[in-house]
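The NADPH binding site feature in Swiss-Prot is assigned to Thr10, Gly11, Ser12, Ile13, Asn39, Asn121, Glu123, Gly202; the stated evidence is sequence analysis. Taken from Swiss-Prot, the feature 1-deoxy-D-xylulose 5-phosphate binding site covers Lys122, Ser148, Glu149, Ser173, His196, Ser209, Asn214, Lys215, Glu218, and the record attributes it to sequence analysis. Residues annotated as Mn(2+) binding site in Swiss-Prot, with sequence analysis given as evidence: Asp147, Glu149, Glu218.
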Amino acid sequence: MKHLSIFGSTGSIGQQTLKIVRSLPHLFNVVALASYGNNKDLFIEQIREFSPSIVSVYDEQLYFEIRKEFPEIQAFLREEGLMAAATAEEIDMVVAASSGVVALPAIIEAMKSGKVLALANKEVLVSAGEIIKEFAKQYQTEIFPVDSEHNALYQCLEGRNALEVKKLLLTASGGPLLHKTKEELAHVTVQDVLKHPIWHMGAKITVDSSTLVNKGLEIIEAYWLFGLENAEIDAVIHPQSLIHGMVEFLDGTVLSVMNPPNMLFPIQHVLTTPKRYPAPHKGINFSIKQTLEFFPIDEERFPSIGLARQVLKNKGSSGPFFNAANEVLVQRFLAEEIAWCDILDKLTRLMENYRVFACTSLEDVLAVDEEARALAQEI
């Protein structure tokens, strides 16, 4: 039985993780739950159903409610709670399903404590990939990617000779604005952007999907996850989202992972690896006609891919700056302060004017994160 700690349990990935736990109850024990959002009722329901021994919240009122209703549970606030949920002795695996870098210090402590890391938080690797890799090497941390694309690449690469890999290829659905003209893009609304044709995700990642910043972040994430210095990392539009990642080898052979666009597939793989179990979710129906399409990404229309490549070239502080600046610009778009087109325009300007420096500590990362947020709020 695996003993789990779940960061971001009320978010999309957190809820789906608990769905897998619910479907395979003999395999898992939920030791800790951490919530950053405002979904108090859902979090209380999760506590009642899964009976964790540790909970962490950011809302002070909810903290006192939990202490009153569940006196037997160790309840914590904010950073102290994340640390407890990351390092408790009985925990085997930490599922990092939160967004942003708020959980970064706790994730590092989990690695130091010898936990297996199920990483669904791409911002952590984008902002602190070099630091995470150093800690993973030092503490021999197993890191399993939960993102569907990186999970697919992981499965394709497992047991393979890294020197034989030519290219890692991530797929992108193209997002909700794939077929919009340049003129139409100038007038898209928040409601337009949040209507994703394939995936049901949180607002921030749905906006990132529309700008393809999400794919840029994933290119950076793939670099730090797999460390294949000689392999090219690229992305391609695949509207059906049935193939999630591909690995091309030196002989031209391509391996891919296929499943319906449902995060339950990669989540179950990570939670149950190295074994496989019957799933409550259905696979691809090959008895009906299926179409697989692939298109190159128009990098002039979507400069996010080029910006991501620049981040990988510069490394250092460019990763946390890129991530934090984009996050604020997305928040401003969702608040209807700026237009959709402004996200990439302003992000490009911020990146062009930013002077990169070596980023060697957690404190450096958090300082850059704070600076980028301030600049992105002002531009």
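A Cβ is built for glycine as well, from the same backbone N, Cα and C atoms used for every other residue.
These numbers come from a predicted model, not from an experiment.
Sequence features, as recorded in Swiss-Prot, placed on the structure.
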residue : record                                      : CB count, 10 Å
Thr10   : NADPH binding site                          : 24
Gly11   : NADPH binding site                          : 23
Ser12   : NADPH binding site                          : 17
Ile13   : NADPH binding site                          : 27
Asn39   : NADPH binding site                          : 17
Asn121  : NADPH binding site                          : 27
Lys122  : 1-deoxy-D-xylulose 5-phosphate binding site : 25
Glu149  : 1-deoxy-D-xylulose 5-phosphate binding site : 28
Gly202  : NADPH binding site                          : 15
Glu218  : 1-deoxy-D-xylulose 5-phosphate binding site : 29
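Residues Lys122, Pro145, Ser148, His150, Asn151, Leu153, Leu170, Asn214, Lys215, Glu221, Ala222, His244, Gly245 surround the recorded Mn(2+) site, their Cβ atoms falling within 8 Å of the Cβ centroid of Asp147, Glu149, Glu218, which are themselves excluded.
Comparing the Cα of Lys122 (1-deoxy-D-xylulose 5-phosphate binding site) with the Cα of every entry in Ser12, Ile13, Asp147, these being the binding-site residues, the smallest distance points to Asp147. Cα-Cα distance from Gly11 (NADPH binding site) to Asp147 (Mn(2+) binding site): 14 Å (rounded to the nearest whole number). Closest to Glu218 (1-deoxy-D-xylulose 5-phosphate binding site) in space, going by CA atoms and restricting to the binding-site residues Thr10, Asn39, Gly202, is Gly202. Put simply, Glu149 (1-deoxy-D-xylulose 5-phosphate binding site) is 15 Å from Glu123 (NADPH binding site) when counted between their Cα atoms. Asp147 (Mn(2+) binding site) has its Cα within 10 Å of the Cα of these binding-site residues: Asn121, taken from Thr10, Asn121, Asn214. A separation of roughly 25 Å, to the nearest angstrom, links the Cα atoms of Asn39 (NADPH binding site) and Asn214 (1-deoxy-D-xylulose 5-phosphate binding site). Neighbour density for Glu123 (NADPH binding site): within 10 A of its CB lie 26 other CB atoms from the protein chains shown.
Long-range Cβ contacts of Asn214 (1-deoxy-D-xylulose 5-phosphate binding site) within its own chain (separation 6+, distance under 8 Å): Ala172, Ile205, Asp208.
Using a 10 Å radius centred on the Cβ of Asp147 (Mn(2+) binding site) and all shown protein chains, the other Cβ atoms total 26. Ser12 (NADPH binding site) falls within a helix when secondary structure is assigned with DSSP. Within the set Thr10, Gly11, Ser12, Ile13, Asn39, Asn121, Glu123, Gly202 that the record links to NADPH, no two Cα atoms are more than 22 Å apart, and one pair reaches that distance.
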